[in-house]
Amino acid sequence: MSSNERAQQLRISEIFYSLQGESRSVGWPTVFIRLTGCPLRCNYCDTEYAFTGGESIAIESILEQVAQFGAHHVCVTGGEPLAQKGCLKLLTELCDLGYETSLETSGALDISTVDERVVRVVDVKTPDSGESSRNLLENLQYLTARDQLKFVICSREDYEWSRSIIAEHKLSERCEILFSPIHEAQDPTELAEWILEDRLHVRFQLQLHKLLWRETQGR
Ligand code: SF4
């Protein structure tokens, strides 16, 4: 990366160290880089504070801050991180430095140009999110066994809709599928039982950080 690219600024809401609360890396100490801004407005969004504000920071300085935590895992999240062009450069630089790098993205923006070393955790927005019309289904063709598709389930209707999408696009053959009940709205036990009854090849998960720290920002 040239010095010009390292000087490129990204708008950052927060950089913090916590345990990864979801996905295949759940439980690992991880540095989170939360980029500001998101073009979606999901009904259940728990990071509305990241829609605006933040601070413009050069990629070089972001990397210096990340290094201070001495972690092996780094997660680039938002907001919607891919809404900022420089996100792609940040991801590549993190991979070059040897971090196990993941990206959490809404599924509404093109993922095809993300560095192939990055683990992409891509949402499929369900009807109850209010944003299912934003799903960019072209993204599905780029997913590999390294990646994960995440469905946040708010209701039985969401569950059935998700089950149909998985069958229609044969998604279980493509990558790991995560089903996560919306915190304090969808009963987790009920969702677990639906999955077992239907013999679905999906991975159930609870958001670990919410069990440990509830809604505390920066955790
Ligand atoms: S995509 Fe994520 S950050 Fe954006 S509104 Fe939805 S839940 Fe919030």
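Heads up, the Cβ atoms here are built off N, Cα and C, so glycines get one too.
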Among ARG11, ARG34, which residue shares the substrate site with LEU19, GLN20, GLY21, THR77 according to TrEMBL?
ARG34
Same S-adenosyl-L-methionine site per TrEMBL - residue from GLY70, GLY79, GLY86 joining TYR44, CYS45, ASP46:
GLY79
For substrate, residues beyond LEU19, GLN20, GLY21, ARG34, THR77 with C-beta within 8 angstroms of the site's Cβ centre include exactly SER18, GLU22, THR30, PHE32, CYS75, GLU104, HIS209
Among the binding-site residues GLY21, CYS42, TYR44, ASP46, name every one whose Cβ is found under 6 angstroms from ligand 1, counting any of its atoms.
CYS42
Rank the binding-site residues GLY21, GLY79 by the number of other Cβ atoms within 10 Å of each Cβ and report the first-ranked residue.
GLY79
